Each structure stands twice: as structure tokens, then as C-alpha cells.
Amino acid sequence: MGNTCVGPNLNPNGFLQSVSAAVWRNQKPDDSIKSSKDESSRKKNDKSVNGDDSNGHVSSTVDPAPSTLPTPSTPPPPVKMANEEPPPKPITENKEDPNSKPQKKEAHMKRMASAGLQIDSVLGRKTENLKDIYSVGRKLGQGQFGTTFLCVDKKTGKEFACKTIAKRKLTTPEDVEDVRREIQIMHHLSGHPNVIQIVGAYEDAVAVHVVMEICAGGELFDRIIQRGHYTEKKAAELARIIVGVIEACHSLGVMHRDLKPENFLFVSGDEEAALKTIDFGLSVFFKPGETFTDVVGSPYYVAPEVLRKHYSHECDVWSAGVIIYILLSGVPPFWDETEQGIFEQVLKGDLDFISEPWPSVSESAKDLVRRMLIRDPKKRMTTHEVLCHPWARVDGVALDKPLDSAVLSRLQQFSAMNKLKKIAIKVIAESLSEEEIAGLKEMFKMIDTDNSGHITLEELKKGLDRVGADLKDSEILGLMQAADIDNSGTIDYGEFIAAMVHLNKIEKEDHLFTAFSYFDQDGSGYITRDELQQACKQFGLADVHLDDILREVDKDNDGRIDYSEFVDMMQDTGFGKMGLKVS
């Protein structure tokens, strides 16, 4: 399955998240992420095969903290997640050398609710009628712009996936161009064994239909979890496939810009099934020397130069490096309790090769990852150099022994929690407003055991202890000081609400009560296992490790999830200060 060295050389949890939401880290001027009121980014199209929208996309609205923390009258500005938010407006600032080549300016416009454009043709050509060739079957998934159906070729009986994009949802000329470009790129990359194959594109009066091969073998992480074990050698094989796809894209002038494990699916459940790269909704064509400014991607995987709004194809190598780091350790290299914190870590954080399981990982593997995650894109390894690295080569030095079992456990939690949040994100519509504050008030009361209206350090310690957080006193004190804006020595109700609302803003202003009510179908005030299973079934998500989710989220062990526990889960990025604990 792997690629050889060939090709062109193109140069824990619970209340921890509730409190640490108030951590607004200082930034040095040259490393800060400049905010823009109207800028944000999102994935334009739903997953092309399984119909899942990607969650947790990067937006460019990241506000650095001041050097001191005055008492604000309103919550800090939000960091919005891109897959449900409007695309970025054009970048007008240009601080480059005027003699340098112009930067790519994608004319994204803020999406407004409308009946859509009067579109004569998206594809620019007359096509056959989809239903004359295919029988359209059950829905596989629903996305922001399109719905994915199973379709069957009437002549051969072969199954495919068909993504149908309603024209009325294409509200700007840029939306139309995005659809055209994605189809063009899929055709451009057609023939590569590890790129999803487009079969055809069709258009009628109301929609565009993109027919492609169906990938029914599940996501990359899920396959690893199902097998129960894998070796460093297998990780190297997967790395070759991932980087080989990137090299092929770059050699054809395509930058993916949204590489992450969820965008790699297996064609079938067979042991030797091909791994395919999917979803080119954020991909663009690029020319040598061309730079881009729009902030796109997903938080854990986004490259630092993307956050700084000056990047090119090297950003894909960084994302691949993050994926390989996760394949070897089970956790992402840069994480925090908030998305802004994740961005800070991407820009400045240190790589951890000390914690388990890294002592048992080969030095060659660590060398490769380290060189793929160099922040200076010009010093970062190229795809060709990665494929030629001793660890990544087909006959390379990757160890043929099982990786630490903790890796599998961490991958399982990481994958499962993301999927549940995906469902919740899909069903959120309008603002929680009053309902959201009511939920936070109950959370505050739960920690403020003496009902004084202030959370003391001792109450915070006990609250964290109740949910099993394993933190040093110095770390808890650090959280306390970060949330205590007026330096009173306690966290008052206003500070707590400000911190929590800020975190909800980071979650795309998620209206959590709406999502909770979706799961709580009988209105009991609790989400049961059966309700979770039914919701997952409705969204086509099988084997989502429901028992693991309940164990992680159900803090009082009553076998169900109440609203407070649900809020904790939604605000948890998955990794506490000490990493995921494995029993």
C-alpha cells in the first residue's frame, strides 16, 4: 500500500474546562493572531462519502489578551468555528514587500440568508439527467450545503455516493466558484490510488449532483481502534500513504488545506482496503511562489503560518506531521482547553517526546515528526524528503512491535468524543441566551457549595476532585488566578459566567440547550444511552463507543447525562493539563 521514495521534489476534564475557559494568554506582538471582526472560515461542503460535517474548523477570529487582565464588562470576543460560520471576507491588508509576488486573495463574502442567486448553470455545460443513469437511494448524510445519497448505476448495479448540492444554497458567486473548483480538483487528481475517485457531475434546474466512489470502510482512527493493536511499522505505512497523496497533490499544483484523520477513509472493511483522501472543499490550485492569506483548516492540524495569514503548500506537510504524531502517541501535539489556547500552542508550544508512550517510540520516528513540525515552512521537510526518510521508507527502520496500548485508548476517546460533538453541532440553530445562562448558573451553584456567591480555591479543588481531575495544587492555583479577573482571591458569579460564555462563543456561539433537547427526546432532562444510540443512528454513525462516552461524561455515574454534564462535554477539547488518564 505504501509509496516509495519517488516523485518530484517540491521544495482531566469536567470543571477544568469550565474554569480554564477564562485563561486568556498573552501574546508577543510578532506571534499574535490578528483578529478581524468579520473574518471566519468554514468547510463549505459536507463529507463527500459518509455525509458527516467536519467539526472544529479554524476561524481567524482569535483575539490576543492584553498584558494585564482588567475586569471586562462583556465576555471576550469569540473564536468561531468555521464549518458552520460564514466564509472569510477578502483580505485587504498586505504587509509584504511591494516588489514581491501578489498574495492570493480569495473573494469570500459573508453569507447572507437569501433565496440564492439566479443561477443558470453551475457547471457551465449541459449534462445528462442523473436519474436517467442512477437510481437514487437512502440518505447517507446531511451537510451544510448538500445531502449525500446512495446511488446505483442502472446498468451495472454498482453503488456510488452522490452529493446533491441545492442551487438555492449557493448565495454568492464565490459559492458557485467553490463548487466548480472542488469538482475541477477532483477530476484533476483522478487516477491516484489514494484519492477518492469522481465518477461524474450532473446538473438540473435545482441542484448539482457529484457522483463518486463510496468509501464504506470507516475512518482511519476507527480502523486502528477496531484492530485493537498496530505497530510502528504500520504507522509508517499509513504515513507513506498520507504524505504520498500530498506529494501528488503538490506536484499537480493543488493544496489540500484541510488534512486530518477524518478526511481519510477506507474503501471497504477488507483488511487490505485502500485508504482514500476525501473532501477537497477547502482545496485550491496554487502556483510556485504563490502565497495565501485566508485562514482555513481545523484547530489541531492547522499550520502556524496559516494562523499568521501568509502560507503556501508547506502547510499540508505540517498537518501530516500532526496526524503522524497522533498515530504514534494517541494525542495531538498541540492542545488546550480552548481553541484560542490550541492556536497559541500551535504558534509557540513545545513538542512533547517525554510522556508515555514516546520513550518506547523509535528515535527515527521522533526525528521525522520533529522535522515535519518545524514552524518555519522554508526549513520544514518537503513531501519528497519525508518519503525518503529512513523511518518512512518501505524498507525503513520503523519498529515492527506493538505501540503502547495507551495510544489506542486515547485514540478511542479522541475519536468518539469528536463524533458526538459533530451530531450536537449539526442540530444547533439559534442562540441559547436565557437558557444558556440558566445552565451555567446551575454549574456555578454546584461548585459554590457554601452558596456564598464566590468560588474559593478550596471549593475549586473539591470540585475538580469530584470529577477525577488529577492536578497539582500549583496548577489549580494557576487556573484560579487566571479566572479571578479582579484579583479578589475568589471567582465570583460574574467572572464565572463571563468565562463560560466566552467559551461558548469559542464553540461557534453554540446554543447548547437546543442540542441537548435534540438528544433528550422524551424531555426528561436527561440523555439516556438509548437516546444517544438513536441520535447516532439517525446521523449514520455506527459504533460510536457509547459506553465510553457515558463513562467519560456521566460524572455522577447515574447512567445518563444531565444538562450540566452535557455542557462540560461540549466545552472539553478532550485533553486536560495532564493528558488523558488511562486506567
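Each residue, glycine too, has its Cβ placed from N, Cα and C.
The region 'Disordered' annotation in Swiss-Prot covers 21-111.
The feature compositional bias 'Basic and acidic residues' is assigned by Swiss-Prot to 27-50 (among others).
Taken from Swiss-Prot, the feature compositional bias 'Polar residues' applies to 51-62.
What Swiss-Prot records for 67-79 is compositional bias 'Pro residues'.
Residues annotated as compositional bias 'Basic and acidic residues' in Swiss-Prot: 82-106 (among others).
Taken residue by residue with DSSP, Asp448 (Ca(2+) 1 binding site) is part of neither helix nor strand, so it is coil. The Ca(2+) 1 binding site annotation in Swiss-Prot covers Asp448, Asp450, Ser452, His454, Glu459.
Look at Swiss-Prot and you will find 471-506 tagged as domain 'EF-hand 2', backed by sequence analysis.
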Mean predicted confidence [pLDDT] for the domain 'EF-hand 2' (471-506): 59
Chain-mates of Asp448, Asp450, Ser452, His454, Glu459 with C-beta within 8 Å of site centroid, Ca(2+) 1: Ile447, Thr449, Asn451, Gly453, Ile455, Thr456, Thr490
Fewest other C-beta atoms within 10 angstroms, as judged across Asp448, Asp450, Glu459, which are the binding-site residues: Asp450
Those binding-site residues listed as Ser452, His454, and which of them has the most Cβ atoms within 10 Å of its own Cβ: His454
